[in-house]
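According to TrEMBL, the transmembrane segment annotation covers 21-44, 143-160, 167-186, 192-213, 225-249, 255-273, 337-358, 364-382, 389-408, 473-493. Positions annotated as domain 'Major facilitator superfamily (MFS) profile' by TrEMBL: 21-498.
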Amino acid sequence: MQDYEESVLFLGSWGPFQRRIFFVLCLTCVPCGYNILSVIFLLASPPHHCDIPAHSNLSQEWIQASIPAEQVAGQPERSSCSRYEQDLNQSAPGSRPEVLLSSLKREGCRDGWTYSTQYFQSTVVTEFDLVCSEQWKQPLTSLVYFLGGLSGCFISGLISDRFGRKPVLFGSIAILSIFSSAVAFAPSWPVFTVLFFMLGLGQIACYIVVFVLGSEILVGSSRILFSSLGQPFVYAFSMMLLPGTAYLVRSWRHLSLIMAVPGLACIPLWWLVPESPRWLLSRGRLQEAELLLRSAALVNRVEAPPVIFLPPKAEKAAESVSFLDLLKTAKIRHITLKLWLICASYFGLSFSMSTLYGNLFLNYFLLTVVELPAYFASWLAARSFPRRLSFIGFSLLGALALLFIQGYPTLTMSLVLLGKFGVLAGNGVVYTYTGELSPTVIRNTAMSSCAMFSRVGSSVSPYLLEMAEFNKLLPWITLGVLSLLGVLLCIFLPETFRQPLPDTIEQMPFEVMHQQVFHTARTEGCGTQKQPKLKLT
């Protein structure tokens, strides 16, 4: 496996076969990008107030006055969860609401709620009345969705290592389509929550397997282009399609059905996506790997050597590692814990956009568009600048922009966009950084664990929004502080820029002061640095 890239040099790096794989795998990324953070629209909570039944025999003036006013962020707004007690005689001739309301008690919304239809015809919140005393179900539903993503991140890696990348990829796409359709017919909130968990399970698994499959089939510059620009750009573009769809389709049930369409459209791609030759080789299936590569040689119109892979003879047995090896010794434990904490903050920024004022569809679109230059900037930085400097620079930019929101509330949207640019660009650098810090024998496990902790950040993000009840700016301040924490942790990580990748745990660059020693000990091979297999989404 160590000589795999040398064995497939005859294929080249950007022939017809590589171009086909590049574009087809990018297309398979559309379903997971289209579904990510769908909670923003399915679980949107429009303005609402207590319903006044038509049979209450109240005049229009009394109906308007029956909802008390409350101070929300210093502004008077109609109460969402209470009304004045109803009296059928209040609308008698000559009576005025201003005179009588002061003596009335408040009561809950005994007859339900009236929801604004300015942006949504219906959502899960409006259909199942997840407001007021039932409001706690909103963040819980989002939590369940992201926990499904966390579980999918872990399970998909285990299954794909045993049964192959291709079956897991299309199995994840099938899960997205099946459960996107199923949630549209959920008759109750508990049923919707269970189905939503399954939807999250496939969403994260899909992205990870696409990333791994592309990284293992493509080599050299085509692999870097796919992992750094190709897949992230298509992923962001598919995210941009969701607010446009939600703008046109205002019913959450119809929107759920439409969310299943990209996955169904990807089913014919099964016959265009091959299995990973690296995975086949790791499972001892040399003949299948060679047959695949010889077919690729025919597509590229190059001649394959008589023997591509030599059968293993007296090679040293592969080192057996597990998830627990990430915490086995104090040195690797320190690096692992720092990376986990750094990886746990990005999704909170994406999800917290629902606290912004203005048009929800436009806000979501703008926060998605800003990902494109962020991905491009992180790719340029990873090519030209040290990892720590790049991450610290981007993260400081994001943190300061978010912290300045409290001083310049009129520039909230601009500062949020700048904050997301910095945080996301820094997060892109972390992909490369984590792969370079992790040795070959445990690199995939390390990347999967970081992906799981990024889902932990997304899981708690719905509860981060609850902080806005105390102060509208508190979620953004918290995210800015978390970014500063990531900067502080990164300072104590060793630099890996232009260093050879470690192959064993003993070769890991544990301390900054040992970089020169590490470099000197592994001078041979510095010019043939391998690209890490990234699995973090």
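Just so you know, glycine gets a Cβ as well, placed from its N, Cα and C.
TrEMBL labels come from automatic prediction, so no person has curated them.
225-249 is the stretch from 21-44, 143-160, 225-249, 473-493 with the greatest number of Cβ pairs below 8 Å to the transmembrane segment (364-382).
Spatially, the transmembrane segment (21-44) is not adjacent to the transmembrane segment (389-408); fewer than three Cβ-Cβ distances between them are under 8 Å for residues at least 6 apart in sequence. Within the chain, the transmembrane segment (389-408) has long-range Cβ neighbours (under 8 A, six or more residues past its boundaries) at 349, 377-378, 381-382, 415-416, 418-426, 429-430, 433, 473, 476-477, 479-481, 483-484, 486-487, 490-491.
The highest tally of CB pairs under 8 A with the transmembrane segment (143-160), across 192-213, 255-273, 473-493, is held by 192-213. Cβ atoms under 8 Å from those of the transmembrane segment (255-273) belong to residues 20-21, 24-25, 27-28, 30-31, 34-35, 38, 41-42, 166, 169-170, 173-174, 176-178, 180-181, 183-184, 213, 238, 245-246, 249 of the same chain, restricted to positions at least 6 beyond its ends. Listed by sequence, the residues of this chain that lie at least six past the ends of the transmembrane segment (167-186) yet keep a Cβ under 8 A from its Cβ atoms are 28, 31-32, 35, 42, 152, 156, 159-160, 192, 195-196, 198-199, 201-203, 205-206, 209-210, 213, 253-254, 256-257, 259-260, 263-264, 266-267, 270, 273.
For the domain 'Major facilitator superfamily (MFS) profile' (21-498), the mean pLDDT of the prediction comes to 78.
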